[in-house]
Amino acid sequence: MASLGQILFWSIISIIIILAGAIALIIGFGISGRHSITVTTVASAGNIGEDGILSCTFEPDIKLSDIVIQWLKEGVLGLVHEFKEGKDELSEQDEMFRGRTAVFADQVIVGNASLRLKNVQLTDAGTYKCYIITSKGKGNANLEYKTGAFSMPEVNVDYNASSETLRCEAPRWFPQPTVVWASQVDQGANFSEVSNTSFELNSENVTMKVVSVLYNVTINNTYSCMIENDIAKATGDIKVTESEIKRRSHLQLLNSKASLCVSSFFAISWALLPLSPYLMLK
C-alpha cells in the first residue's frame, strides 16, 4: 500500500505533466497562428553618386509596434538596415551603410518596407533580402540590385563641323555602353561607317562621358542616338526640317529578368529651335 508521501509525489508529477502539456498546446496554437506573409520585391538599379530605392512591400498590419523590417545583403555580416517598434534600430548596422539608409517610416503601416539608399556606390551591387515580421506572421524576398551610371543623351546639330553633322552627348555612363544610330527614313540602315563614338573618363575615374558624331545627315529626317549597357537604355531623337529642329530624349532602366517588374522612368522634353541660316543640309 502506497504511503501518503508517495501519493503526494505522484500527484505533483501528474500536475506538472498536465501543466506542461497545456503550455505546449498554448505555444503550438500560438505558432500555428503566425503564418507566412507575402513579401514582394522589385529588381532595380542604382545610379552611382545618386540616391536609390530598393523596393519591398508586404501585407499591411495596423499594429506598427509589431512590425520588424530587416534589410540584409549577401556577403555582409552586419545588417543593412533595421526598423522595429516604430523606429530605426541601427545598433547592428554594417559600417558600409552607416548614414546612408532609411525606410519610409510613415508608410510602413500600409506595407511599404522599401529602403532609400543614399549616395549609391559600385560596391552596393548584390543580392539583398527584405525580411518582415508582423503580428500576422513573417516572410522574406530577395532582390538583385545593380549599380552603374546612366544619363539622358542630347543630340545637337554640330555647327562647327565642315559637313552636315549631328553630335550626341551623354555625361555619365558605366559600364561602357554601346552606341547605335538609327534613322526614320532609312530604317535598318547601318550607320557605323558614317559615325564615330568616343568615351572620355570623368574626374572620379569611374564613369565616362559618351560622345558620338554622325556625318552626312539629310534634312526632313528623324535621327536617333541609342546608348545602352546592361543597366539602362537611353535614346536621344532629333528631327531636322527646313525651318526648325525638334528634340526628344528618354531613358529606361533594364532588368535582367523579364518576369520581374521593370524599374524605369520616362522623361520627354521637346526643344523647338530656329534652324541656323548657314546650316545647309542636303
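Every residue gets a Cβ built from N, Cα and C, even glycine.
Summarising the annotation, Swiss-Prot assigns disulfide bond to C56-C130 (among others) and lists sequence analysis as the type of evidence. In the structure as shown, the Cβ atom of C130 (disulfide bond) sits within 10 Å of 26 other Cβ atoms.
Summarising the annotation, Swiss-Prot assigns disulfide bond to C168-C225 (among others). Secondary structure at C225 (disulfide bond), taken from DSSP and collapsed to helix, strand or coil, is strand. Sequence-distant neighbours of C225 (disulfide bond): residues of the same chain at least 6 apart with a C-beta under 8 Å from its C-beta are P153, V155, L166, C168, V179, W181, S212, L214, T235, G236, D237, I238.
Annotated domain 'Ig-like V-type 1' per Swiss-Prot: 35-146, in sequence order. In the predicted model, residues of the domain 'Ig-like V-type 1' (35-146) average a pLDDT of 96.
Feature annotation from Swiss-Prot assigns domain 'Ig-like V-type 2' to 153-241.
Swiss-Prot lists N216 with the feature N-linked glycosylation site. Within 10 Å of the Cβ of N216 (N-linked glycosylation site) there are 14 other Cβ atoms, across all protein chains.
What Swiss-Prot lists as signal peptide is 1-24, and the listing cites sequence analysis.
Annotated topological domain 'Extracellular' per Swiss-Prot: 25-259, in sequence order.
According to Swiss-Prot, the transmembrane segment annotation covers 260-280.
Highest Cβ count within 10 Å among the disulfide-bonded residues C56, C168: C168.
With respect to their backbone Cα atoms, N216 (N-linked glycosylation site) and C56 (disulfide bond) stand 49 Å from each other.
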